[in-house]
Every structure is written in structure tokens, then in C-alpha cells.
Amino acid sequence: MKKELEIRDIINIGVYTVLHFLCVALMAMLLFVPQTIVFVGLLEGFLGAIPIMIFLQKAKKPGMLAIMGILLGILTVITGRPVVAALFGIAGGIITELIWRKAGYKNINAGVICCATMSLWVGGMELPMFFGYRDNYLASLEKGYGTQYVKIMRSLTPDWMFIALIVMCLLGGVLGGMFAKRLLRKHFEKIGTAS
């Protein structure tokens, strides 16, 4: 097997990055109801795990998952998050790459963990609601969503909630990875990666 990335690999990285991003964005739409912030990370991790699990079966060369994480970090910044938020995508991609490489690019149980670690980038998407970014971000939301929305969001997002959100993303990634593993078991058995 060649170690260098080919055009097909680059296309797969792009396609699955977009699919993963769209799955997470779909769940983020739940934030139109501010009370959903409590569990949106869990749902984002869960739904986002499905395209990741499929992509893992194509990611057989070094760097593919790291590139995906970098692209997710860039998308995070393009959507208006602070530049530091990109670090969550980069870190998630590198950690996922190391786990998948250690698993020999084929252990589906390691793939479940990879679904969780790749979901770390979602923390970058939610970062503006916390810490030093909070006041400006909530003020920008008030223009579009109104004072009541911001009041509820402010009450539900103390800084410690950021850690809870990351934990929920990781948990959602594991649960989503397990669901995808079960959903795609026959495919994994056919290509020899089920265990």
C-alpha cells in the first residue's frame, strides 16, 4: 500500500469533512431553542460520528485524519469563531490520527474512540459562549434573537459548562461511534475491519 496521499484520498478528506461539518451544523440548529445548549454537544458528537466512522474505513494513510482536523479548525474560524478555536480541530485531528495509526488503520473498536476524539473540534465552535469571548458573542446574539434568548443562554452557560460540553461531545462521539459500528457491521466484516 502506498503511503503518499493521492487525489482520491484528498477528495475523500474533503467530502467527509464537509459531511461531518454538515451533520454537526444540523444539530447546532437546535440552539434556536436556548435550553438545548445543555445537550447539543451530545447530539453533535453522536450524529457527527457516523460520517467519521465511514471515513475511517477509507483513511488508511498517514495524515488523512490530521488534515481533516485542520480543515475543521479552518471551518471553525471561517464561521466567525476566534482563531484560537481552530486549535480544537487541529488537536482533535492529531489525536485521532495517532489513535487510528496505533490501531493499524483497521481496528473498528479504536474507530469508536476516534469518533469521540474527532468531535473535540466542536468545542471550538462553542468557545465564543464562554470565557473572555462571552459578552461580545452574547451581545451579537441579542441583535438577532432578542433579550430573552440571551438571558436564558447566559444563565445556562457559566464557564464550567464548557468542560461539560466537551465531555458531552466525547460521550456523543463514543455513542455515535458505537451506533455507526453496529449500523455498518456487515460492511466492516466484508472489508475485514470488524472486531
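Cβ coordinates are placed from backbone N, Cα and C, and glycine is handled just like the others.
According to TrEMBL:
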type	residues	note
TRANSMEM	12-31	transmembrane segment
TRANSMEM	37-56	transmembrane segment
TRANSMEM	63-78	transmembrane segment
TRANSMEM	112-133	transmembrane segment
TRANSMEM	160-180	transmembrane segment
Given the transmembrane segment (63-78), its same-chain partners at Cβ distance under 8 Å and 6+ residues beyond its ends are 5, 9, 12-14, 16-17, 20-21, 55-56, 85-94, 96-97, 100, 114, 118, 121, 124-125
Which bits of the chain, at least 6 residues beyond where the transmembrane segment (12-31) starts or stops, bring a Cβ under 8 A of a Cβ in it? 37, 40, 43-44, 46-48, 50-52, 54-55, 58-59, 64, 67-68, 71-72, 75, 118, 122, 125
Distant-in-sequence neighbours of the transmembrane segment (37-56), which means Cβ under 8 A and at least six residues beyond its ends: 12, 16, 19-20, 23-24, 26-28, 30-31, 65, 68, 100, 111-112, 114-116, 118-119, 122, 126, 129, 153, 156-157, 161, 164-177, 179-181, 183-184
